[in-house]
Each structure stands twice: as C-alpha cells, then as structure tokens.
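For reference, the structure is listed below as structure tokens.
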Amino acid sequence: MEKEFKDQKFELLEKKKKFKDFDDILEIVGGNGKYQKIILFGVVTPLIIICPLFVMNRIFIMSVPDHWCHVPGKPNETSTEEWKNMTIPKIQGNTGSLRYSQCEMFGENGTQVKCSQWEYDKTNYENTLPSEFNWVCENEHYTADVFSIYGFGNVAGAIVFGIAADKYGRKPLFFVSIFIFFLFTMIGFFTPQNISAFLTLQFLAGLAFPFLFSSPCTIAAEVSGKDYRAWIYSVVWMVWVIGNSILPLIAYVLRSWFVIGIVTTIPSLLLFFYFKILQESPRWLISVGRTKEAGKIIQKIARVNGRFITPEDLADALQALTEKEAEQPKKTSVGIWTLFMKKRLALNTILLCLAWSVNGLIYYGLTLNTTSMSGNEFFNYFILSTIELPAGWLAGVLVNKSGRRWTQAAFFVISALSFFVASWFVFDPKFAVAITSLVCYLQGTEIFPTNLRSTGSGLASTVCSIIGTCGPYIIFLGRFHAAIPYIVLTGLALVGTLSSACLPETLNQSLPETVEDANKFGKNHKFWSYLPEDMSNKPRAEKK
C-alpha cells in the first residue's frame, strides 16, 4: 500500500506542471469511483425521482374531460345518452367522425344555442380545474394559457437562476428554487377562481422549474470524469421516467385535481433534507477562487475513492488552475453576452439553443397530447412514460459509442419519420424524442465553460421555454384535425436534425473551464466526420 501511494505521488508530481483543467485532478483522485456513484445513486437520483410528481402534475390537474351542455328537465326514466341525443346537436370531430357538440344545445324552437352550464364525464375524474371552473368553450383557452404562462415563468427563471448559479453556486440556487416552486404552487391551489391571480402564481412557480432538474445533474457531472458524464444523464433520465410513471397511478387513485395537487406537491419538501448532503461543485468553487472549499471536497473524493493526494500536492494543483484563470483576459463582468463574444462559441450556443428548443417543444407537446389521445389517459401517460426507460439506457450506450452529435441527429430523423407516420396511423415517437432530449442536457454541460455553464444552459432553457409556450397551441390545432400537430412536429424535428448535426462532438473531451477552452470546440471539425480525434490527453495549447 505504501509503495502504491509513493508511485501515485510520483505520478502526481510528474503531472503537476501539466494541470490544465479540473479533469486532470479527477484523473488523480478518481472521476469514476465510489464517490461519483454515491453522488449519483445516493443523492441525485432520490432528488430527481420526486421531481416529476410536483412538476408534471399539471398534466392531470388541467385535463379537460368530455363535456356537453347541461339541459334541464331530463326525465328520471331517460338515460343520459338518450337525453343527449334529443337535446345536443352532433358536429364533425377532429377525426372526421360525428360527435356531440360540447358548446351548443337545441333551444326551445329547435335552434342551436350556446351553453351556459355543462355536464362532465366523470369516468376518470371527479373534477379537474377546467371541469370545476368551466374552462371550456369560450373559456377553453384558459387551459392553454396556464401552460403557456407557466412556460413564460420557465423563460425568466432559466436565465435568472442560471446566471445566479454561476455567481452564487449551484447548491444554494437549487434549494431556493425548491422553496419558490413549493410556495407559489401551493398558494395557487387556493386561487383558481381568480384566473388572473392563478396565472400570476403559475408564472412565479414556473420560475423555479428549469433549475430543479439541471442543478443536481450539473453538480454530479462536474465531479465526474469524461467517461462517466453520459451515464449520469442516462441514469438520471431513467430515474425521472420512474417518477413520471408513478404520477398517473397517483392521479388514477385520487381523481380530484385539488387532492392530486396537494399530495404530489408536498413531497418536494423532502428535498430540503439533502441540504447538508449535497456538496457544492468543486469545479465551480475553483472558477470563482474558493480553492480552500474546493480542496476539502477534492480530498473527500480521493478518500472515498481510495486514492491518495497530499494537501501540499493538491494546493500546487489548485494553484496551477487558479493561475490559468488569472491568465484569462480580464472582463469587468461576465454574462450571457460573453457566450457571443467568440465566433465559434457563439455558433455552438445558437445551435444548441435551437436543438434544445425543438426538443423541448416536441417533448412538451407529446406529453400534453396524452390527455387528448383515445383510450384511458392514465394508461396512455404510463405507457408513454415507460417507453422512455429503455431510451435512457440506449442513449447512454450510443453517446459513448457513436458520440453525441450523430446520436442526436439520427434520432431527430427517426422522430420526424415517426411524426409523419403518426399523422396517419397510431404510432408514438416518444422513444426517439427521449434520446434527443437526454443528449441536449448532456451537451449543455459539455459545451459551455465552467464559469458560464449554468448561464449557458439557462439561456438554452430560456429559448426552449419561449418556443415551448407554443406547445399547448400546437396541440390545440388538433381540434381542427388530429394530424395537424404531428405535421408541425415533423417539420420541427427536421430543424432539430440540422442544428444537432452542426454541433461539435464532445465525446471524450474535457469539460471546458474557460471561454477560450469552450471556443476551441469545433475547430477543424469536419461536418461529415464520425468521431473526433481523442485529444483529451493532449495539452490544451495543442488544440488549435
């Protein structure tokens, strides 16, 4: 054991002059060891598995059951179906078949008049927000408005929390976002009768969502080696799917929007128990000059992984990275604009924002559409969620074998073909979309530099949220013809194919620490290349 420690110390001293980034330190203390597995399976996955319960519950709370006009005077011996046949006109539905009108009934003289009251199908729910407050017909846009206003909250939150996380740290902003989400969501459950107040609270709750998912993943990725990062996002995605698959079972049992909301939101408080367990990212701590705190965490990583590094040697390594930061051109401040000050980084940022936006819009649209599909909506949601489970595993394999770029581009093409087929037949593209979505989150971690990683991901999430506000309205087009949403999504998937194919490959590349590092991604990268040369062991200066 003593000889092993001496050999490792000698190796460290030999490498000390070559420390160019945090990944070089991880090679010494371990970037794929017991510590990383504890963080992933003991900390991050418990946090993530709870998130879908209180983030995605709106899908069921805002479900619109089948409805028709309430026509008074129904005789006791007449069934509901017979009474509807006598009092409700039939119109052509979005699939071309006839169905009962949801907004008109026959008047006394046989003319068609608008409803003033409604009856609702209670097969799946006792009540939902739209059924309790009659958000149908002339007010049916309220449902889409809720999702869109929540999306606008995501827009503001992604950029504000992203910038704040790069300035104040990933950990504190994660717990602030939990508090904001819980507070305004719970208050919102008591205010839907006032639509203006309810929409305002949805916006405020929406501020926190983007960081709930990305922050723990970023921390885990930043303490892991380049060969382990993809599996972090793969496992996290599969854990999210498990939590998301539990949600329809809860909604099926509870059947009331208010009870569903309360029961699925309260578990978010459990996340506060992880405040002392979740460690700040040492990579970020170094980027802001807090090397003493970073050193303690690095020592812990080495100890847990059974590796050896003396405080003196670690101090030398940290000093080398600090000096590298000091060599960077001094700016009065950094922010979103910094991502666009270098040509190649600006292009990569734009391409990633575009790919991320297409992914978000497609994924969000498909999720919203589950309540509009034929059959049992709880079963539909469960099946479409579990489809993503093998997709998460397959994505982890493919991005490590075939790279990020072509994996995402290929499955965008598959998504486009799936949407085209789905516009005419029953076929679900969610498997392919799950893979492209996972790759987007992974690329967000790998393309942006440490001091702007949350800002960059926040910007991509912001643009995604802006575009995503169109999602409810794309699905709303299905009221005119069931194929229209899928045709629109086909075109979007093709746009995603082009943007993802033009992004640089990041497989086996060290995470960029500075803007200069990030700007080197894609240099001399030929479009039709399959995998880039693995230059992870070469000095940064050689990457011209």
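Positions of Cβ are set from backbone N, Cα and C atoms, glycine also.
TrEMBL has this to say about the protein:
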TRANSMEM  38-61  transmembrane segment
DOMAIN    38-508  domain 'Major facilitator superfamily (MFS) profile'
TRANSMEM  147-165  transmembrane segment
TRANSMEM  172-191  transmembrane segment
TRANSMEM  197-219  transmembrane segment
TRANSMEM  231-251  transmembrane segment
TRANSMEM  257-275  transmembrane segment
TRANSMEM  345-366  transmembrane segment
TRANSMEM  378-399  transmembrane segment
TRANSMEM  406-425  transmembrane segment
TRANSMEM  459-477  transmembrane segment
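Touching of the transmembrane segment (378-399) and the transmembrane segment (231-251) is concluded from the presence of at least three CB pairs under 8 A, sequence neighbours closer than 6 excluded.
Counting same-chain residues at least six beyond the ends of the transmembrane segment (197-219), those with a Cβ under 8 angstroms from any Cβ of the stretch are 39, 43-44, 47-48, 51, 55, 145-146, 149-154, 156-158, 160-162, 165, 170-171, 173-174, 176-178, 180-181, 184-185, 187-188, 191, 232-233, 236, 240, 278-281, 441, 444-445, 453-454, 457-458, 461-462, 465.
Note on the transmembrane segment (345-366): residues 339, 384, 408, 412, 415, 428-430, 433-434, 436-437, 440, 443-444, 447-448, 456, 459-461, 463-468, 470-471, 474-475, 485, 489, 492-493, 495-496, 499-500, 502-504, 515, 518-519, 521-522 of its chain, located 6 or more positions outside it, place their CB under 8 angstroms from a CB of the stretch.
Under 8 Å from some Cβ of the transmembrane segment (406-425) lie the Cβ atoms of residues 355, 358, 362, 395, 398-399, 432-433, 435-436, 439-440, 443, 483, 486-487, 489-491, 493-494, 496-497, 500-501, 503, 530, all in the same chain and six or more residues away from its ends. On the 0 to 100 pLDDT scale, the model's mean across the domain 'Major facilitator superfamily (MFS) profile' (38-508) is 83.
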